[in-house]
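Some notes on the structure that comes next.
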Ligand code: HEM
């Protein structure tokens, strides 16, 4: 029986020649041949575009965050009396401390930006559909974990925004019926946000960061089982549709990483404060509420959702539900066609989704009142309708464009 072409793995290669030290190691622990199978000979669809660079970018930025975070932790003091001062000391007194901190902060912003692009790529090309459901779910788990890590990290400098941001969230949690008070008490670690709270969030911040590494392992393993999707959303059929990971995607990923590093360096060395909130450079003062309590830009759409609904608990449900609905996506969208390139309705709907997400971010920034409140509600309604109405409906009524016979054929090499 002939073996089908599975995306990713070739028919089993012959047993590796055992030569020298690598052969000696490989016979006892086959990590070298496993690495070669997954990152050298692994077959990738030949038509991947630049959006497929973001997984590698995320992996490298994650490592950078862990490295800089570990050194920052060596000089940080998690008490309300000293947290702000210890961060100032890192910035002003520790040799190279300013650079460590700037890399960590710019890195956090770019990590979240890359994560949103990576997620959008999956939405656009239907990478959540079978057989990649678990890949999608592990990705979403990562999203939630990374958001929690970023939130915990923002609290650590114990500036005005750290404190008041935490206050908003703990009060939102407190609004959960029946158990809200208890939950708020557990989160705060006492009656008010103080030393216990800060210490807990410090531990949570770095534990979560290392757990993220473990889940990334599962996520990448899932990519290697199903193979990568591609802009056409069709599976490779013949060897002509694929190319080996090395040198094609090692060089392409490297190119993407260099471009990304240039943007990183530009922000780091020319506009390190561009994405930072000035208010967080003032120490936390529970007696003085800032005029404008606002989260980092990457949480603004969720903050907009929180505010668009007058009840605190309702807002919390709307914001949490906007993430939860993504977990159900593989089962909400039943269309056999993956890529939005061939799905006119879904494509327009997706543009609307991005617009509604950005609008919710603006609502978060301008505080949902008057016209902003109406806009926030309309955008929120659209966000939910896209997933719960438009996609299930499109699966039935959408007239999709014809798919090419194969990836090679689409590139004129049928
Ligand atoms: C810590 C965060 C993450 C890391 C380090 C990461 C890493 C990666 C890597 C290395 C790949 C393979 C290369 C590529 O296709 O770009 C990948 C693929 C993928 N990731 Fe992630 N990822 C993360 C978060 C997410 C999130 C939040 C989602 C969305 C729910 C997601 C969904 C996917 C999907 C669907 C694929 C396969 C895409 C395809 O082949 O079309 N990932 N990821």
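Positions of Cβ are set from backbone N, Cα and C atoms, glycine also.
Unlike curated entries, TrEMBL annotations are predicted automatically.
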The residue range that TrEMBL labels transmembrane segment, out of 180-201, 202-223, 224-245, is 202-223
Which range of 313-332, 393-412 is transmembrane segment in TrEMBL? It is 313-332
Quick tally over 98-122, 134-156, 313-332, 344-363, 369-391 of CB pairs under 8 Å to the transmembrane segment (254-274) gives the top stretch as 98-122
One should report the C-alpha separation between residue 104 (heme b b562 binding site) and residue 219 (heme b b566 binding site), rounded to whole angstrom, as 24
In chain order, residues whose C-beta lies under 8 angstroms from the C-beta of residue 118 (heme b b566 binding site), counting only those at least six residues away in the same chain, are 51, 54, 55, 58, 139
In three-state DSSP terms, residue 205 (heme b b562 binding site) is classed as helix
Among the binding-site residues 104, 118, 205, 224, the ones with a Cβ under 6 Å from any atom of ligand 1 are 118
Spatial neighbours of the transmembrane segment (134-156) not adjacent in sequence (6+ beyond its ends, CB under 8 Å) are 76, 78, 83, 87, 108, 111-112, 115, 118-119, 122, 127-128, 162-163, 165-166, 169, 198, 201-202, 204-205, 208-209, 211-212, 215-216, 218-219, 222-223, 226, 280, 295-296, 298-299, 323, 326-327, 329-330
Residue 104 (heme b b562 binding site), Cβ-centred 10 Å count of other Cβ atoms over all protein chains shown, is 19
